[in-house]
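Below is one structure, written out as structure tokens, with a few remarks after it.
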Amino acid sequence: MNIALLIALFLPDCWTLFDIENSYQVLDHILIVIFVLFVVEMVVLSLSTRKYLGGFFFIMDFIGAFSLFLDISWALGDNDQSLKFNSGVGSNVVLLRAARTTKLGARAGRITRIMRLLKWLPGVSSIQDESAGTAKVLGSRLINALSTRVSMLTIGLVMVLPLFDVMKYPDEDHSMQAWTQQFASHIHMFGDSYIGGGSFNQTVAEFLDFYDFREYKPVALVIEHSPAGLVYAETFADPPNRISNELWVTSYGYVGTKVQAMFDFTSVSKTEAGMNIALVVTVIIVMLLSATLLSNSVSQIVLSPLEGLFCRVRDMAKNIFKTVSQISKVAVEERQEDEKAVNIDYNDEDLEDSGAFMSEASVLEAVVEKLAVLSEMFVAKQPVDEEAMKNLGSDDLAVLDMITQNQARKASLDKEGLAAKIRRRTTNLQTFVADLEKAGLLDSALADSWHYDVLEHSDEQNDALLKYIFFGSELSYFINGLITLDVFEVFLARARLAYLDNPYHNWYHAVDVTHTVYRYMALAKSVAFLQPLDCLAVLLAAVVHDIGHPGVNNPYLIETAHELALRYNDKSPLENMHCARFFELCGEAEANVLQELSKQQYRDVRRIMIECILHTDNAHHFEMIKALQMLYQLNREIVDEGYDADEEEWSAECVTLFSTNDVRMTLLQLFLHAADISNPTKPFKSCKAWANRVLDEFFAQGDLEKAQNIPVQMLNDRNTVSRPHSQIGFLEFLVAPLFLLQVQLLPSLYESDNYLVNNLAQWANEWALETSASVEDMQKVLDRVNKVGNTHAAEHSGIIYTPPKELMRLIKVVVVVVYVKQQQQSSIVMAEGWLL
């Protein structure tokens with residue numbers, strides 16, 4: 001393709017240079033072939049290169065390709081026909097200018113092909129080296145921008161500057177000399193008697209007619225003949241005001257004949273002056289434009305990011321610690337001391353600006369160093385990192401066990417025992433699932449969807465669902481051998497009895513949360529980064545996460561000094577109780593679902609379950625939000641490119657990230673907590689049913705609070721709370737931020753987020769049917785709902801948000817009604833005024 005470009009640049013001129021006779025058709029065929037190659041290249045790049053179509057290089061290639069028509073003979077180029085001049089008129093200046101313009105156009109067309117070379121210039125590339133550092137990336141972007149702009153300015157100048165010569169007097173016009181020479185020849189041929197005769201007068205008339213449509217005109221004609229002297233002089237027009245606009249053309253004949261003609265070049269001089277002014281203005285504009293473009297490029301690519309970085313670091317430092325001003329002072333003093341020690345002689349006029357930059361850079365370096373220390377302290381949750389752990393002996397591990405309560409050890413130390421149990425306890429899971437389906441207790445397709453509603457199924461069917469999750473689903477292959485079916489059945493029966501008959505926190509809620517956790521892990525392909533014990537622990541935690549729930553929340557227990565609040569020192573009393581009840585249940589041998597585990601595995605499962613259940617306390621909700629935000633922001637590049645939706649698999653980098661102990665625990669906590677508040681992320685029928693149940697439970701607690709004369713919590717007063725409006729706030733402030741982060745970290749869970757935003761709109765519609773709020777308040781709610789919906793829809797292509805149509809319609813109706821009332825009131829006032 002580069003050879004074709006070189007041919008397109010030089011071949012037309014070489015054709016003329018070597019004076020190849022009558023061969024325009026050959027040249028046309030070559031140029032057409034090159035044009036087709038250019039077009040094919042553009043099509044291929046458009047299909048294979050992201051952001052090429054419609055981009056800068058696409059436009060340059062497009063201009064360069066279609067400029068070939070300026071050299072094709074049957075289009076706009078030269079052809080085999082010779083130039084024809086009207087012999088009756090003579091040398092036509094307009095024709096000469098047209099010829100000059102055609103040549104300039106052809107040359108400009110060839111120059112535009114150079115634009116295709118821009119992509120090969122040093123520093124100009126659409127591909128960035130992702131492995132390069134920040135400074136190299138900034139430098140590459142700056143060189144890219146500057147090279148492109150300088151090249152475009154150069155090409156533009158080469159194309160534009162010759163245009164100012166088009167309107168000037170053409171140097172090729174020799175008509176004035178020809179006319180005077182014609183007069184001299186006729187006088188020599190016919191003698192002095194020719195002057196003043198009819199033929200002479202006719203020639204003079206033709207002479208004047210020739211210049212009727214020219215910018216310059218003859219003013220006088222003078223004929224001298226030696227030795228007679230002046231024999232003819234005639235003035236045709238007033239002489240020009242400026243002597244510099246007088247052009248005398250002289251021709252000599254034989255035997256001393258001298259013919260002089262004076263022409264008025266005022267119009268030509270004005271045109272040239274105008275072109276010169278335009279040229280100067282163009283140069284000034286180009287200078288200003290180039291300076292502005294280069295300045296903006298440097299500012300946008302380098303200065304603005306650095307300035308924003310400095311400001312952000314300062315602001316962040318002020319929030320983290322209050323010593324940034326002292327850091328700045330110390331950093332500047334240290335730099336000044338270094339300069340004095342080296343005795344550098346600064347003669348640069350930009351010393352002050354450079355010093356300011358170095359001060360900022362010194363502050364930045366000091367702040368980043370301190371932030372790095374703080375970050376290392378924050379991230380390091382274990383006294384010894386994993387690399388060092390591999391080199392520790394048994395005594396060292398024993399010390400760590402004592403200090404960290406075994407949290408420093410990985411959850412899979414007993415891999416050999418686990419593998420042996422899996423080999424010993426292989427089960428035909430397909431037969432197990434088929435038996436459940438044959439008995440009418442299970443629909444596996446429904447179980448593997450978001451349309452399974454536990455409220456519409458019997459206890460036997462819900463038990464079958466849990467058995468399917470633990471023993472027949474795609475995750476059951478992963479945890480096979482860790483639990484047995486007979487013990488699990490006893491465990492389920494006793495756990496179901498341990499749940500109280502609350503409107504919301506009941507056995508159905510436990511089954512629903514377990515099913516949701518299973519769906520999260522299955523859709524997220526979590527077996528790629530979780531361990532078998534992780535899956536077992538979080539699924540069991542889901543089953544018992546609200547076991548024994550009394551139907552009131554932690555603030556109520558704390559306010560009434562309940563036994564649980566006293567026992568657990570007001571720290572998540574319900575969640576601590578749920579954990580304790582589970583392990584008490586496992587104390588019964590026939591219901592101990594953990595009896596197949598080794599001691600180490602038991603400790604790991606216990607630790608994971610406690611951590612996950614404690615984090616279902618909404619008091620930890622925003623703490624979890626911050627942890628997830630930090631996880632995502634620190635690893636955004638890895639996470640955003642980590643999941644391949646087509647192949648349904650994670651990248652090696654993402655698996656490595658999610659497999660680390662801290663991240664695994666964070667994700668397990670996310671699975672359970674998100675599932676615990678996931679009702680708004682299900683089909684609206686299920687969402688509404690669970691919302692009414694939880695509000696009924698809140699209202700029952702509110703009645704207790706009123707009866708005991710203690711403060712009624714905000715959502716607990718059945719007389720003031722609007723069910724739809726309360727759900728709008730619950731989804732917007734509690735659920736939506738968590739699920740936005742969940743879909744950012746685990747994109748395959750977008751379906752839940754899709755239900756969320758549309759359920760939010762549906763709640764807004766239901767609120768519209770019962771509200772009597774003002775238009776302003778309704779518009780505020782609409783804006784809030786749309787903001788959440790649009791934010792989530794922008795995060796994933798699978799999230800399709802539909803605004804609340806009923807609320808929007810109600811706002812329009814109210815606006816119209818108010819307008820009509822105002823018009824009626826205005827008419828009444830006008831009528832009263834007219835009557836008065």
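Cβ atoms are placed via backbone N, Cα and C, with glycine included.
What TrEMBL says about a protein is an automatic prediction, not a curated fact.
Annotation comment: TrEMBL describes 26-45, 52-76, 150-167, 273-294 as transmembrane segment. Sequence annotations record features per position, and here TrEMBL assigns domain 'PDEase' to 425-770. The AMP binding site annotation in TrEMBL covers His505, Asn506, Trp507, Tyr508, His509, Asp546, Asp676, Gln727. The Zn(2+) 2 binding site annotation in TrEMBL covers Asp546.
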C-beta crowding around Gln727 (AMP binding site), within 10 angstroms: 26
Neighbourhood of His505 (AMP binding site) by C-beta distance under 8 A, where only residues 6 or more apart in the same chain count: Tyr499, Asp546, His549, Gly551, Glu697
Fewest other Cβ within 10 angstroms of its own Cβ, chosen from the binding-site residues Asp546, Asp676: Asp676
His509 (AMP binding site): secondary structure state under DSSP, collapsed to three categories: helix
Residues His505, Asn506, Trp507, Tyr508, His509, Asp546, Asp676, Gln727 binding AMP per the record - widest CA separation, whole Å: 23
Entry from the binding-site residues list Trp507, Tyr508 having the most other CB atoms no farther than 10 A: Trp507
Site of maximum Cβ density within 10 Å, from binding-site residues Asn506, His509: His509
